[in-house]
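Novice: Sharing a structure with you now.
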Amino acid sequence: MNALAATSRNFRQAARLLGLDSKLEKSLLIPFREIKVECTIPKDDGTLASFIGFRVQHDNARGPMKGGIRYHPEVDPDEVNALAQLMTWKTAVAAVPYGGAKGGIGCSPGELSRSELERLTRVFTQKIHDLIGAHTDVPAPDMGTNSQTMAWILDEYSKFHGHSPAVVTGKPIDLGGSLGRDAATGRGVMYATEALLAEHGKSISGSTFVIQGFGNVGSWAAQLIHEKGGKVIALGDVTGSIRNKNGLDIPALMKHRNEGGALKDFHDAEAMDSSELLVHECDVLIPCALGGVLNRENAPDVKAKFIIEAANHPTDPEADEILSKKGVTVLPDIYANSGGVIVSYFEWVQNIQGFMWDEEKVNMELHKYMNSAFQHIKAMCKSQDCNLRMGAFTLGVNRVARATLLRGWEA
Ligand SMILES: NC(=O)c1ccc[n+]([C@@H]2O[C@H](COP(=O)([O-])OP(=O)(O)OC[C@H]3O[C@@H](n4cnc5c(N)ncnc54)[C@H](O)[C@@H]3O)[C@@H](O)[C@H]2O)c1
């Protein structure tokens, strides 16, 4: 089942649990606007290259639309649509005053030079500048993009609209980015894990973890879990996987990686087959890479008791059912990885206020938002008699439905 079908299925199940009428259900599912643009740039060798860029603006009942921009060869309209919809429910679960959007360009960023990437980003911004804005739609980085990409968007947008730091989040600190934004998704994953384990009388310290992905989210989650006394016993990325039953030395592994070393060459670990990573013995499994990695083939063999969905839609619906029957507790993506959008909201607030917060305040506020969302999800699970995924979906969908009805938009 593709990402859009899976997300829409979860939405419909939540709408049924909430008893939403069919007209409202339909209007919540249909995106506000879908934008497709052709971006043609001169390559460094003088030839022309064309790329398709997308922006799907899903819903703005609760505030400006918010969502990342992904540069990846497999970016397609269905996936962008699914991710835009997920953002609508995610911002509502997090209780930040935003709607949902997502964008992307079908390209291989690793095969483009820095100046080609800059030209592509600027052309994309020229094509969508009148459809985004601090109070309309606020992009952020996602896979294949970073703070430099946001700096180029900010600069190009400002040529049309004047100085507008709040038009994007995830910017470099020197251009109005927030302290703590880089670590925010991984830190949110750590706070979410802490909250879930505490519910079950457990803690990070004394638990074992397996992490897939060692990029922004995975490396921060690993570092912060390690700092809290958790044992990361296996870890993998696109180059391979490693394990150490006594716990990997994450600071040493970070140093090794930052010096250009491949994961499999880390001295204090044993290389393992990547196909074994997700089914490795552990208390907590944290997928931090791609979508759809847990499926009907590997779900029956999962040994973790808890899964924290740091990646977007890592568990397909068939795997969800299998894991639920096995008694595995899954903490859903629309809550587990919301730390990034929560600190993006803090960045936007700081830009609008023209006042910068210190990192301690950012982390403290993030902790408050993550804990509060967890308590609200638990309350929904109780009132709707459902699992955590449906608890999060019913919470998010209900908040968006209420805003839609209050505005009188349901007709
Ligand atoms: N960065 C954020 O703030 C943020 C926020 C919310 C959700 N997410 C989601 O988290 C996930 C990771 O995002 P990121 O920003 O860390 O990306 P990233 O590009 O920084 O890192 C991705 C990691 O996944 C690994 N990977 C790629 N293909 C793999 C494969 N086949 N097997 C194993 N590992 C593989 C890469 O080697 C890398 O370590 C994505 O699903 C993204 O949508 C990210």
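Each Cβ is built from the backbone N, Cα and C atoms, and glycine gets one as well.
As annotated by TrEMBL, substrate binding site applies to LYS66, LYS90, SER344. Residues or ranges marked as active site, proton donor by TrEMBL: LYS102. Positions annotated as site 'Important for catalysis' by TrEMBL: ASP142. Taken from TrEMBL, the feature NAD(+) binding site applies to THR185, ASN216.
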Novice: Measure from each Cβ of the binding-site residues LYS66, THR185, SER344 to the atoms of ligand 1 and list the residues where some distance is under 6 Å.
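Specialist: Checked binding-site residues vs ligand 1; flagged THR185.
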Novice: List the residues of the same chain that sit at least 6 positions away from LYS102 (active site, proton donor) in sequence and have their Cβ under 8 Å from its Cβ, in sequence order, or write 'none'.
Specialist: ARG55, VAL56, HIS58, GLY67, GLY68, ILE69, ARG70, VAL80, ASN81, LEU83, ALA84, LEU86, MET87, ASP142
Novice: Out of THR185, ASN216, give me whichever of these binding-site residues has the highest number of other Cβ atoms within 10 Å.
Specialist: THR185
Novice: Write down the Cα-Cα distance for THR185 (NAD(+) binding site) and LYS90 (substrate binding site), rounded and given in Å.
Specialist: 13
Novice: Calculate the distance in Å between the alpha carbons (Cα) of SER344 (substrate binding site) and ASN216 (NAD(+) binding site), and round it to a whole number.
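Specialist: It is 15 Å, counting Cα to Cα.
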Novice: Taking 10 A as the limit, how many CB atoms besides its own sit near the CB of SER344 (substrate binding site)?
Specialist: 30
Novice: I need the CA-to-CA distance for LYS66 (substrate binding site) versus THR185 (NAD(+) binding site), whole Å please.
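Specialist: About 15 Å separates the two Cα atoms.
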Novice: Roughly how wide, in whole Å, is the group LYS66, LYS90, SER344 that binds substrate, by largest Cα to Cα distance?
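Specialist: Max span of the substrate binding residues, Cα based, is 13 Å.
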Novice: Across all chains shown, how many C-beta atoms besides its own are within 10 angstroms of the C-beta of LYS90 (substrate binding site)?
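Specialist: So the Cβ neighbour count for LYS90 (substrate binding site) comes to 29.
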Novice: In which DSSP state, out of helix, strand and coil, do we find LYS102 (active site, proton donor)?
Specialist: strand
Novice: Around the substrate site formed by LYS66, LYS90, SER344, list the extra residues of the same chain whose Cβ is within 8 Å of the site's Cβ centroid.
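Specialist: Apart from LYS66, LYS90, SER344, the close residues are GLY67, MET87, THR91, ALA94, VAL96, TYR98, GLY100, ALA140, SER338, GLY340, VAL341, ILE342, TYR345.
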